[in-house]
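These notes are about the structure you will find just below.
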């Protein structure tokens with residue numbers, strides 16, 4: 001009886017182990033950690049230009065003047081754990097200095113921000129091993145759409161949240177709103193990763209695979225924020241070694257860890273489809289055998 005149960009358990013877990021082995025093989029072949037390091041470097045180079053472009057967009061729309069402040073706090077609180085306040089002060093100071101630049105300098109900021117979009121595009125298509133290239137004009141249009149519409153959609157969602165919060169006319173509705181707002185960062189991360197894995201690759205990505213990969217990445221991202229903040233609080237080795245400059249290596253490590261999570265979600269999305277194809281091919285061979 002015990003042997004039968006063990007055989008059934010082994011039979012059921014065999015596909016999972018096969019999928020995990022395939023996932024690890026793809027991570028190793030794609031040099032995922034190296035890609036994450038490259039993206040982290042470009043992200044740090046593009047951080048101030050990207051924030052400057054985003055805040056300039058909000059300044060162009062007076063209706064988002066109040067929301068832009070909330071969006072700043074939301075970004076730094078949810079995407080830069082533990083040291084968000086310090087980094088926010090420095091970045092806002094850098095952005096204020098960038099406002100004094102000439103038109104040529106402003107164009108340079110936009111190009112640097114678009115460089116990050118190109119690097120993300122290149123890294124994800126490397127993971128999907130796509131050989132097909134988009135037309136340059138189309139790629140530029142996609143990058144510009146993400147750069148402009150992304151912050152505006154985030155601002156609109158925060159504006160809706162700000163409108164819903166004061167509603168106290170229904171206790172049941174108030175409970176629902178509180179629960180939705182509590183999981184809002186997770187939902188936003190999930191949707192963002194799903195769009196990233198669905199739109200950026202130049203080949204068709206099955207929607208269910210993108211949803212699963214994005215959900216895993218969102219969970220890891222939210223857990224990573226809490227774990228990273230806890231680590232910085234409980235083990236302040238960076239503060240002891242670097243002192244007031246500790247914010248720099250902390251930011252480096254967090255950006256690198258974030259890109260590892262993003263690329264891991266992409267690897268999971270790809271592996272789900274590849275494993276399904278391999279399984280179907282194996283079943284087809286078994287059916288063809290006499």
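Glycine is no exception: its Cβ is also placed from the backbone N, Cα and C atoms.
Within the model, the topological domain 'Cytoplasmic' (1-43) shows a mean pLDDT value of 78, rounded to a whole number. What Swiss-Prot records for 1-43 (among others) is topological domain 'Cytoplasmic'.
Look at Swiss-Prot and you will find 44-64 (among others) tagged as transmembrane segment.
Positions annotated as topological domain 'Periplasmic' by Swiss-Prot: 65-103 (among others).
Look at Swiss-Prot and you will find 104-124 (among others) tagged as transmembrane segment. Sequence-remote contacts of a segment are chain residues at least 6 beyond its ends whose Cβ falls under 8 Å from one of its Cβ atoms, and for the transmembrane segment (104-124) they are 35, 38-39, 42-43, 45-46, 48-50, 52-53, 98, 139-140, 142-144, 146-147, 196-197, 200-201, 263, 266.
Counting same-chain residues at least six beyond the ends of the topological domain 'Cytoplasmic' (125-139), those with a Cβ under 8 angstroms from any Cβ of the stretch are 26, 30, 32, 35, 118, 200-203, 205, 263, 266-267, 270. As annotated by Swiss-Prot, topological domain 'Cytoplasmic' applies to 125-139 (among others).
According to Swiss-Prot, the transmembrane segment annotation covers 140-160 (among others).
The topological domain 'Periplasmic' feature in Swiss-Prot is assigned to 161-182 (among others).
The transmembrane segment annotation in Swiss-Prot covers 183-203 (among others), and the record cites sequence analysis as its basis.
If you look up Swiss-Prot, you'll see 204-209 (among others) marked as topological domain 'Cytoplasmic'. Remote same-chain partners of the topological domain 'Cytoplasmic' (204-209), defined as residues 6 or more beyond its termini with a Cβ less than 8 Å from a stretch Cβ, comprise 128, 197-198, 269-270, 272-273.
Taken from Swiss-Prot, the feature transmembrane segment applies to 210-230 (among others). The list of residues near the transmembrane segment (210-230) in space but at least 6 beyond its ends in sequence, with Cβ under 8 angstroms from a Cβ of it, reads 78-79, 81-82, 185-186, 189-194, 196-198, 253-254, 257-258, 261-262, 264-266, 268-270, 272.
Sequence annotations record features per position, and here Swiss-Prot assigns topological domain 'Periplasmic' to 231-243 (among others).
Look at Swiss-Prot and you will find 244-264 (among others) tagged as transmembrane segment.
What Swiss-Prot records for 265-290 (among others) is topological domain 'Cytoplasmic', and it gives sequence analysis as the kind of evidence.
Counting only same-chain residues 6+ beyond the ends of the transmembrane segment (183-203), those with a CB under 8 A from a CB of the stretch are 78, 120-121, 124-125, 128, 130, 132-134, 142, 154, 157, 161, 210-211, 213-215, 217-219, 221-222, 262, 265-266, 269.
Residue counts for the topological domain 'Cytoplasmic' (125-139) under DSSP (helix as H, G, I; strand as E, B; rest coil) come to 7 helix, 0 strand, 8 coil.
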